[in-house]
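Quick look at what Swiss-Prot annotates:
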type     : residues                                                                                                   : note
ACT_SITE : Cys133                                                                                                     : active site, acyl-thioester intermediate
BINDING  : Ser15, Gly16, Asn17, Ile18, Ser164, Ala165, Gly166, Pro167, Gly168, Thr169, Arg170, Ala171, Asn172, Asn291 : NAD(+) binding site
Amino acid sequence: MSSNDEKHAVAIIGSGNIGTDLMVKILRHGKHLKMGAFVGIDPESDGLKRAERMGVPTVTTGIDGLLAHPDFGSIRYVFDATSAGAHARHEQLLRPHGVRVIDLTPAAIGPFVVPAVNIDQHLDSPNVNMVTCGGQATIPMVAAVSRVVPVEYAEIVASISSRSAGPGTRANIDEFTETTSNAIVQVGGAKAGKAIIVLNPAEPPLIMRDTVYCLVPGDASQSAIVESVEQMVDSVRTYVPGYRLKQAVQFDEFKGRMPQELATVRAPRLKVSVFLEVEGAGHYLPSYAGNLDIMTSAALATAERIAARQPVTA
């Protein structure tokens, strides 16, 4: 699609780093989506000022201002890039209007969606949750392993640049770990999971790096796991080009202490280690902010997939 008349109008709530980067992505690369409104609460924020310069309608009074906006009736999709706490209220206010909500906070009111893994299962959901940046990066790897061999336990460590972690990210650290841990099980397919986030203060800033550990049966096919992981990397790269393996998948006999969830397991186990890095596309944010880029890219891919199935006049 090329004409704006043939695209669905969307609103973005949250004028911080994630919301602004998502706006730029939609303006540059939206196939079925166009910007209808950019919503914040600080008129002096860089995001709102940038939206004005780019000709995007702006709202400076938050969700209440969006609902009162004369063009709200044309909005078909709303991206929420605020916080987990704020999203609960936003969802209640938006639900009666029948708009589709793509939640980029850890609120997890709707089902978890990782585009490369389970988007087709939730195309009709009124509210979908994009998990977390660490979840978007690592859960595809857990799913890649679990689709060829049982994963009894998965643990992920997401290391992001401190400079890329804004106030919203820092305020949601607890929600990050809980939401990501739940999604490792619900979407990744592990029997138990744990998530850890590290804010790396290094200067110059380093790009996002993630480590995924999976405990699998000792007789698991290593070649099948490697093939599945490589295929999944290719799938994620269709919407996050900077997503890549940092080195080959590693296999080691697990001789350490079993996680509490597996304390009764005595059979030999194999530890699968996957090392990733995510480089941002640099649309609005620096390339080291791959953690933010993968969230906005996944959200856009999800909304585009949903919108492709719906007529614009619906």
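Any Cβ shown, glycine's included, is placed from N, Cα and C.
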Taking only the residues the record lists as binding NAD(+), namely Ser15, Gly16, Asn17, Ile18, Ser164, Ala165, Gly166, Pro167, Gly168, Thr169, Arg170, Ala171, Asn172, Asn291, what is the largest Cα to Cα distance between any two of them, in Å to the nearest whole number?
17
How many other Cβ atoms are found within 10 Å of the Cβ atom of Asn17 (NAD(+) binding site), counting all protein chains shown?
24
Cα-Cα distance linking Cys133 (active site, acyl-thioester intermediate) and Gly166 (NAD(+) binding site), given in Å to the nearest integer:
13
Which of Gly166, Gly168 has the fewest nearby Cβ atoms, counting only those within 10 Å, among these binding-site residues?
Gly166
About how far apart, in whole Å, are the alpha carbons (Cα) of Asn172 (NAD(+) binding site) and the residue listed as 'active site, acyl-thioester intermediate'?
12
Go through Ser15, Arg170, Asn172, our binding-site residues, and report the one whose Cβ sees the most other Cβ atoms within 10 Å.
Ser15
Within 10 Å, the Cβ with the most other Cβ atoms among the recorded positions Cys133, Ser164 is that of Cys133
Rounded Cα distance, in Å, between Cys133 (active site, acyl-thioester intermediate) and Ser164 (NAD(+) binding site) is 12
Assigned conformation of Ser164 (NAD(+) binding site) - DSSP reduced to three states
helix
